[in-house]
Amino acid sequence: MSDKFGEGRDPYLYPGLNVMRNRLGIHQAQRLAQAAYEMTALRAATIELGPLVRGLPHLCAIHRQLYQDIFDWAGQLREVDIYQGDTRFCHFAYIEKEGNALMQDLEEEGYLVGLAHEKFVERLAHYYCEINVLHPFRFGSGLAQRIFFEQLALHAGYALSWQGIAVETWKQANQSGAMGDLSALRAIFQKAISEARETE
């Protein structure tokens with residue numbers, strides 16, 4: 001579905017095609033991408049806020065809810081190495097260990113509840129970047145992660161909106177974050193995060 005994945009035989013792909021094996025029997029990348037977009041949009045609307053206390057299993061549950069109609073492995077941690085541009089994501093064998101350690105850190109910070117806006121933005125950018133580099137799933141990590149952090153923000157009294165964020169700006173911010181520079185991510189979240197209204 002893109003050129004972001006590593007070389008070599010990939011068990012997630014149909015033989016000879018750069019198309020992921022799927023439950024829909026689609027063998028064309030563009031058609032699969034469109035179907036995934038439409039079906040995950042419907043599934044996303046059914047995802048409940050979930051508990052304040054959240055860990056790697058909760059992120060997996062979000063992914064499973066989103067992609068259960070499309071991939072047999074929905075909600076399962078990836079078993080191959082992948083990369084995007086100059087960013088090489090976490091080696092698959094370390095995902096569970098590193099993911100649990102990150103979630104433990106998040107728990108020790110009280111899931112960022114009670115932080116003033118500036119501090120919340122700073123810590124959210126940190127955790128967002130770390131989990132993005134983890135990239136736990138073969139496909140769909142980004143969407144699952146965005147929902148995970150939308151929920152986290154709501155529990156902390158904030159609303160996180162992705163509207164108005166340019167795709168290239170977002171990609172560059174994440175790549176810079178992976179290299180240790182969180183300034184662009186913080187700038188984006190500074191604008192994207194606001195106090196939640198009662199109805200949210």
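Cβ atoms here come from the backbone N, Cα and C positions, even for glycine.
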| request: Determine which of Q172, Q190 appears in Swiss-Prot for the same ATP site as Q84, G85, G140, S141, G142, R146. | output: Q172
| Per DSSP, three-state class assigned to Q84 (ATP binding site) | strand
| request: Give me the non-local Cβ neighbours of S141 (ATP binding site): same chain, 6+ apart in sequence, Cβ-Cβ under 8 Å, ordered along the sequence. | output: H63, N132, L134, H135
